[in-house]
């Protein structure tokens, strides 16, 4: 679980306070509450908060008895999950104390508004356990004035001395002396006014010094607002609030009294017009508003207006969880460098909160932090890092979290090459050069404490890490102390420039040649010159002799005669210069200078040693990892650059990232390094630099990616589930801490008591939290242990507190009949029967089933037995499956029995001998006999129906009649009735009724009907076609139809023929007869369907027929002539 970061408020800061003494405490203040279930501390039941203040609510859960980490939800109302509202207004925090194993959950509401009032609930769940706590939040407005101020507001400003309590003693006939006033308790004048009769308002005002009566009445009218009236326009108002995911559809529904009355829909007080987004519907009394494709702009207050009545609701739009697709990198910088923490999220425009440690970062004018959004990329920028910025930075969304560490080091500048003293002759060039570790560092040159300014003769350059001062045509006044001072560092490099004066003495005689080597330089030691690769060597050798000697330079046996090129010799009078431009490793070796003249010869040997930065280290790899550490080893470089290796610098980066983080600024001498403070579960890569006195090598090849992971903690609650003579069944729970490496499985080991040789019981990893160890010796005491395994290795073992004796314990057989099977088990025919009867006993009992005392036929009933239960299964129940089933459980000479009665029922047969036994007035008495087949269960009643012989429609007279007789009343005079009876049982009514053999005639009394004689009209007629068939010509492939009309009574039989052949049931033809209109439809006719079609109508009085001709032509497209 990532560590939450919202800031905690110090005790007493910005915490709302109750408005009166009786109000309960707010913001997590201690209050005595009754603790039940999982909570050890709950929020207060009622909290009063002042508008604009902050409120904090705390709940604590004890996890010592929980198998898994609990999950907390904060809800408003019945179901609104506040987790989707996390942001600046609502913040949630979770912490865990490892010592007490108590989880602390905190909900903070910043700057409470009136809309936050209502009922809340915090609900905690942990696997099969749950608990909840409800509390109420009341929001009150800020009290602007005190009671005294309210009274003062109604005193006249121009009252002068009479501004306070008014003295009416001057109006009295007999003045009396004032008596000393007694101290009275403070009275709330407004409560007194609200409860008083209006005729007493003036008296109370004068008594308490209120002179502005009009203002007092206005305020009193506002305070005594009428109670809300019951809505007469709405049958059902809108719900108090609705919740919808962003992008989904939501429907607001209410019901009005008048189905024809129009309504208006408002959003935040503005009327909504119908559109594709807002759909308003009226269906009877229901009025609905549908909002399609909701956005955050739809999170508002809505109301439905009917005349003067209104129904209010609030819609909450929940954003989908925003995940972080690119994690934050770590940074290791020096003071003053720019830092950019960058993350990528799953959606554009998402809200990302930045935190430094536990403090949220905001965009302020004076803040050093800058925030940048570019599509899905979000960046936190620190322009110039300081030591105060060291720490962990977090980025939070409503569905993800990432963090990165910032390490800031003081600036340390290392001098890789110091300035050397120079001795230069007149008109020569003097070059001072130094190299520092930072190629961005600038600096200034000083001579004898004064800054050196550039000119035509003096030039200064800065290329990479090298700083040069070049003085051309050296003069005597250029001699002195030269210093280079880097900007921003308390460091200086100094060297001396010596001017060499040349004195020419005239010697009239010959002088043998002489080589004068200057060995005063710091780079020359015992005729050895050390030269950094890439630098320039210019060796000026003074030569004397008369006459002028000849100079020959050579490397080994090869003379150097080139006057141009990278390696060359420059000759002047009395001076020979050996120059190497851009020294390379191949230039290393012994160099010889030989000077000769007629007077003799002189020779000098110099060894030029080329030093360079070392080669990169080799074979960088990770040998082991921990939870947040890794051990890195490597081999030294093949070539040390000609100078001893001082140490190494290490860098790391996350896999897929391009930013490297320095792990050390000081040189590390060993070839084994432990990298720390890494994030578990993230892949990293390492590289190493070698450092010698010359500089830094190129980086080594990246190591193979590795992931800091740690083994899990030991499994918990290892217990013995069962023991036999050769096996032992173990159970345990998953480790408390698993980590990013996950959990691959478990290893189970055992050993005899007193032995230290542990034997692995499972060849492959056990993925379940239980295992049966087999092949154990009988009677031995065995110790067991279980280890969890993941990619990082094995966890510490969970060991049994005491050894287990391998011996089976005999347990009497016992059948545990389920409660619902202890009574008669009834099922319908055709249903499936699946009975599971658990039992216990050791060793494994033998289960045998009997039906009505006989062994069960396996062809009729399926039985499956296991170690702990027996299952009886019938795929489709029949009547013959009914009976008493007995389960016999045996262990050696011990046994247990259980009996289960199964009854298979079906619908009953019809009642027998239904008859009308008596008829009187408008009543008829019925009797019948019970059905022969009762469906294998009791008859619960009968259903009686009647039907008069005129309409022949059946109507129910009685339902669930328990007797075998009844009286049908309210029969209609002059009708003759027939009756039928259905029998009913547990499965329902019988399939067939029992019909009465006789009828009940309700005779008419005192009325005679005289029927008029009339002659019935004879409607019979011979079939005759009123509309003939018409000849048609159709195009092949296009369906067609031919029609005609006929009349006749009785209804004639219609026969269609083609070429005098009856068409019959050919699927190509469809014949229809609609009230005498005859149609023959032909589906996609071809030329074969052409011919003469005949329609024949026949009844018992005669026949008639009509004919038509159908031509079918093939459409041929005429070719287009080309012009």
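Each Cβ is built from the backbone N, Cα and C atoms, and glycine gets one as well.
Across the range of the domain 'Ig-like' (228-323), the DSSP-based residue counts are 3 helix, 49 strand, 44 coil. The domain 'Ig-like' annotation in TrEMBL covers 228-323 (among others).
Look at TrEMBL and you will find 411-483 (among others) tagged as domain 'Ig-like'. Averaged across the domain 'Ig-like' (411-483), the predicted model reaches a pLDDT of 86.
Annotation comment: TrEMBL describes 513-606 (among others) as domain 'Ig-like'.
Annotation source TrEMBL lists domain 'Fibronectin type-III' at 616-712 (among others). Note on the domain 'Fibronectin type-III' (616-712): DSSP counts are 0 helix, 42 strand, 55 coil.
TrEMBL lists 714-809 (among others) with the feature domain 'Fibronectin type-III'.
Residues or ranges marked as domain 'Ig-like' by TrEMBL: 813-901 (among others).
The feature domain 'Fibronectin type-III' is assigned by TrEMBL to 910-1005 (among others).
The domain 'Ig-like' feature in TrEMBL is assigned to 1023-1111 (among others).
Look at TrEMBL and you will find 1-32 tagged as region 'Disordered'.
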Stretch with greatest number of CB pairs under 8 Å, the domain 'Ig-like' (513-606) reference, 411-483, 616-712, 910-1005, 1023-1111 candidates: 411-483
Listed stretch, out of 411-483, 616-712, 910-1005, 1023-1111, that has the most CB pairs under 8 angstroms to the domain 'Ig-like' (813-901): 910-1005
Selected stretch (most C-beta pairs under 8 A with the domain 'Ig-like' (411-483)) from 616-712, 714-809, 910-1005: 616-712
Tally of DSSP helical, extended and coil residues in the domain 'Ig-like' (411-483): 3 helix, 37 strand, 33 coil
Number of helical, extended and coil residues in the domain 'Fibronectin type-III' (714-809), per DSSP: 0 helix, 45 strand, 51 coil
